[in-house]
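*Asks:* Can you read through this structure? Questions will come right after.
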């Protein structure tokens, strides 16, 4: 970085030169992530709090979207049953590349308290690829914010043209 005086502005101007276009594109992508919510149980209530004033994720550039075709990543929160796994996979497949998934809470990470149930999927990663796991039952909104920051690090570090693996078949589906 170099600082110089610009007589037209009347102050120090910091010039930043990026040698790779990928770095600039990834910085822009990481700072404007659109997300799709998939709240299924009590973690969905905590997910709603992330849009509130206390844990406002919009200050990090994360904006909710209603359509998977406009979303960069999906937040799966709560107990995923085999019937809902089909819908989660469908929503994931409708998202444009590159796409990411945050698994929020013990139930979506590994089945949680209900993992012995016959209809409960033993983790979202059995259905779709997961990039960030947020632990807790239910996790606090601050934990989801930390997961979002981790996802931004992942987006910044990988090439922007990276292709993701397709969604897997659900167990028992």
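First residue shown is number 1, and so on along the chain.
Cβ coordinates come from backbone N, Cα and C, glycine included.
Here's the feature list from Swiss-Prot:
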BINDING   42, 43, 107, 137  [4Fe-4S] cluster binding site
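Can you tell me where each of these features sits in the structure?
*Replies:* Just so you know, the Cβ of residue 137 ([4Fe-4S] cluster binding site) picks up 12 other Cβ atoms within 10 Å once every protein chain is counted.
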*Asks:* Excluding 42, 43, 107, 137, please set out which residues of the same chain place their CB within 8 Å of the center of the CB atoms of the [4Fe-4S] cluster site, keeping sequence order.
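*Replies:* Same chain, not in 42, 43, 107, 137, Cβ within 8 Å: 41, 46, 77, 78, 79, 105, 106, 108, 112, 113, 136, 138, 139.
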*Asks:* For the binding-site residues 42, 43, 107, work out the Cβ neighbour count at 10 Å and name the residue with the minimum.
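*Replies:* Result for the binding-site residues 42, 43, 107: minimum number of other Cβ atoms within 10 Å at 42.
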*Asks:* Which of the three DSSP states, helix, strand or coil, fits residue 137 ([4Fe-4S] cluster binding site)?
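*Replies:* SS state of residue 137 ([4Fe-4S] cluster binding site) = coil.
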